[in-house]
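Novice: TrEMBL lists 66-92 with the feature region 'Disordered'. Here TrEMBL flags 168-202, 203-237, 238-272, 273-307, 308-342, 343-377, 378-412, 414-448, 449-483 as repeat 'PPR'. Sequence annotations record features per position, and here TrEMBL assigns domain 'Smr' to 597-682.
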């Protein structure tokens, strides 16, 4: 067991050999009993001190239980003529009065030593003027109440020479704790070297003090070094020290050792403090094990360890990285309900968590709360909010945030700021605002990146200003910027919004940027037919040549282009390619009770094409193969609308189903689902086939 002379009240000397001056074999602590016949010991000499606890990251100065010290020196005892029964209440009162007086005088001595000049003469003068012989326990109390790291080592030298303690290591340890209070690891390590030079052997308390000092100084690697020196001095770390080393190893980067000690701590039921749990959460967060973060949080609560604000903030940060905003909400509520006031780090973590997950309303609530409390946002936080607004179509909110950023006086918009703002305006086709933001960006000294120019092209495309699209494309080439897959995908997307008579202008741009894409587009828009499989082969080679993050976007645009030009067969061929390449996965599902078509991830043209293919499959299954339908058939469109459009997929599909006179109706209890019964579906399919036969 390691001990600490300035922490929570307990016995300083649980170890009977730690502070003993009695060479008897029977265990007996230095202050374990009262013997009026032993001159150095008085009725008050029952100094009660305390356990060391290096678990505390920033140990608070706790009230040390006052030692029972006789205010009268030994020779004063002979002057007392009255005998008092030691069992009487009067004796207890006299002892308390004697104890208070003696302890108070030692505290005042410590204050005087803190205040004196840091030189041997002044220190000696203060101790001499104390006017009473100091005993070993007096030296401990005096040093323990000191706070000045400059005078404490000088006081130690004086007391070692004048008191001549039986165990010098105790005074060294108490002096190290004075240095720890001021986070002066350098002086503490120097004092350790002086111990060794004097021939004093360090004990567990020495090392635990140095380890905790290194932790408080933010030097976990030094803490590890001191911990690993313990065996060479014959010291065995106790559970308290080992638990603290979980934090030290974790901060020092030795994750394997930290987690190994934590596993042992769980098995042996060590007491682990909040700081160590915080480090474990940080370790799991850095490694991407976000479930591990939550498990640590739940475990510490089950052990009765109260989370602090640092732990809550680290959990919020981890949930933000994990894109689990719902769990960030729960943790935020726990933080508030446990009486904590969110600080800047809390709000920043919440902005990042909600912003990254595109929880727009929640992010804006936190943003406005920060503004109300006068908390400043960094460029990164402003940009996170603007990027979120760009992704979810919060145009007015983005403008408000941008204006606030410019007027805050603490940070300036950077390239990312302007990029997000231009993206917001571009996606809703606000040409004037996008051009103004682009001009402001250039005036601020930032040249537009390919990402920005891609957004500008998208803006002109939405406004159907094809000539401006071509002009911006030429600027990209003039700047020597090589178009990437996303840029070409943007051109392809603009093409789906362009009148057929102007598509040729864009095809020329696409051919320059990505010849393979230009070739496939030409095959789609031309009226001529190709041998079976040729189109799919060319499109497959194109898909193989682009990144996986844009494959679905390319296919969606190619199908949309076909649908816009009423080339349904080519659209079906591209859709089939997407299904074969597993880019469109799980479009159809079957169970004993329901067959379903899932359109949530598709563009409007791709969704209508998939619906056409599914209807044909149902016709084949029911009318040609005689396959039995389940009780229900359903189409799942999702319930959201496009972020920059008033049209949602559900509305488009519903309108198309009405045109087909299909018996699918929106389910009142399942948002985004259109359902029908097998009987109604079969009747409609038969009617549809009959109509087609008549038309033929």
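Positions of Cβ are set from backbone N, Cα and C atoms, glycine also.
Annotations in TrEMBL come from automatic prediction, not curation.
Note that the coordinates shown come from a computational prediction; the quantities given were computed from them, not determined experimentally.
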Novice: Within the repeat 'PPR' (238-272), count helix residues (DSSP H, G, I), strand residues (E, B) and coil residues, in that order.
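Specialist: DSSP composition of the repeat 'PPR' (238-272): 28 helix, 0 strand, 7 coil.
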Novice: How about long-range neighbours of the repeat 'PPR' (343-377): same chain, 6 or more residues beyond its ends, C-beta under 8 Å?
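Specialist: For the repeat 'PPR' (343-377), the list is 309, 312-313, 316-317, 319-321, 323-325, 328-329, 332, 335, 384-385, 387-389, 391-392, 394, 397, 401, 404-405, 408, 410-411.
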Novice: So if I exclude everything within five residues of the ends of the repeat 'PPR' (414-448), which remaining residues of that chain have a CB under 8 angstroms from its CBs? That is, six or more out.
Specialist: 379, 382-383, 386-387, 389-390, 393-395, 398-399, 402, 405, 455-456, 458-460, 462-463, 465, 468, 643-644
Novice: Per DSSP, how many helix, strand and coil residues does the repeat 'PPR' (378-412) have?
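Specialist: The repeat 'PPR' (378-412) comes out at 27 helix, 0 strand, 8 coil.
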Novice: Kindly report the helix/strand/coil residue split of the repeat 'PPR' (343-377) according to DSSP, in that order.
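Specialist: Reading the DSSP string over the repeat 'PPR' (343-377) gives 26 helix, 0 strand, 9 coil.
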